[in-house]
Ligand code: ADP
């Protein structure tokens, strides 16, 4: 079965075609600057072919048409025609409390995703555009599935997802913690259990997804019981450009002082804060580490703040779960920064966490960092949200086919 995984933003469309027989990525790419001048497509195949072409896409439908031509013709071709694609899996950011699991696409599902746009104005409308464009280009009969960033956190108890504000705001406006990066936390926690050779329902795992956007999740016996991001992906840890959690008075006080309000004002916390805001240099962790090593004090402060916050959340989640069996680092920073991992794990022996300095310098998709004798296993596990989306899509399509066969067969029985 070949599955096309789609992650649609308002002006971008990332794709991967995965052959589920061996879970092999046949090709992947990105259509950038959709609907704005300067569009381009990057297309890579499994055997190393790579091309970057300027092309203008008026909309997502045109982007799909272009990526299909890349996949089916010329040196980047990996299939003969689109009939070889068995299903599409879409990443959807916000499923709120409506979608505890991934599901097959129906008109009702599209409506519900659209209704949730108020909670994810930057993401859900773009996903709908992608879904509609895919229906247009591939036909309404091709099965499509939606895999939500929020579903994995559906298992959080109210004491973890409620904010301590008047209850009526939860009832009236659905204000609560939803959490994000769920597909990544689910993938790496499952992989961690496999590596440990134990059922996930016997393990307490903390998964640290650290990238431009970052979140940490307490996975207690296979279920997310708490996570750092909140109602939106701005909450929790400081990130590349996002502030993370703040005292609400900071927000109102800045508004009062600067006279800024509304969406423009929110950009302060989403686009001008985090590593960028504190360092004044860059949102990119590599730039921060480089500048700090050259003596830049604000860069050093940004690094120290990040590691301190991660450490505090780890400590809190160990307390919440009553112990820890494994700690996982993933995301661009988690997978690549030995400095962040080293500083986060320093002086944690009393909690059972100790990483081996030499192993911490190793690169790889999966690295066991655990120092000899440490009670808690620590791993780097490269995340693979696309594969998780493809696996969910395959499972949903197969169950649906089975039920359909049963329904068809029933009258004869
Ligand atoms: P996104 O959240 O956009 O998917 P990524 O998961 O790709 O982001 O993470 C990007 C972050 O990872 C950047 O801050 C980048 O500096 C950091 N990063 C990537 N490689 C390294 C490295 N070798 N050392 C330190 N940080 C790195």
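Cβ coordinates are placed from backbone N, Cα and C, and glycine is handled just like the others.
Sequence annotations record features per position, and here TrEMBL assigns Mg(2+) binding site to 7, 385. Residues annotated as ATP binding site in TrEMBL: 14, 209, 210, 211, 212, 213, 284, 285, 286, 332, 333, 334, 335, 336. Annotated substrate binding site per TrEMBL: 91, in sequence order. Under the heading active site, proton donor/acceptor, TrEMBL lists 149. Annotation source TrEMBL lists site 'Transition state stabilizer' at 181, 242.
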Distance-selected recorded positions near ligand 1 (C-beta under 6 Å), from 7, 91, 149, 286, 333, 335: 286, 333
Rounded distance in angstrom between the Cα atoms of residue 210 (ATP binding site) and residue 181 (site 'Transition state stabilizer'): 10
In sequence order, the recorded positions (7, 149, 242, 385) whose C-alpha falls within 10 A of residue 212 (ATP binding site): 242
Entry from the recorded positions list 14, 181, 242, 286 having the most other CB atoms no farther than 10 A: 181
For residue 333 (ATP binding site): intrachain residues, at least 6 apart, with Cβ closer than 8 Å: 210, 211, 214, 285, 340
Candidates 91, 181, 286, namely the recorded positions, that fall within 10 Å of residue 385 (Mg(2+) binding site) by Cα distance: 91, 181
Length of the line joining the Cα atoms of residue 242 (site 'Transition state stabilizer') and residue 286 (ATP binding site), in Å: 17
10 Å Cα neighbourhood of the residue listed as 'substrate binding site': matching binding-site residues from 284, 286, 335: none
Same chain, 6+ residues apart, C-beta under 8 Å of the C-beta of residue 7 (Mg(2+) binding site), given in sequence order: 13, 14, 15, 90, 91, 386
Local Cβ density at residue 210 (ATP binding site) - other Cβ atoms counted within 10 Å: 25
Candidates 149, 284, 335, 385: member of the recorded positions with the richest Cβ shell (10 Å): 149
Residue among binding-site residues 91, 212 with least C-beta crowding, 10 angstrom cut-off: 212
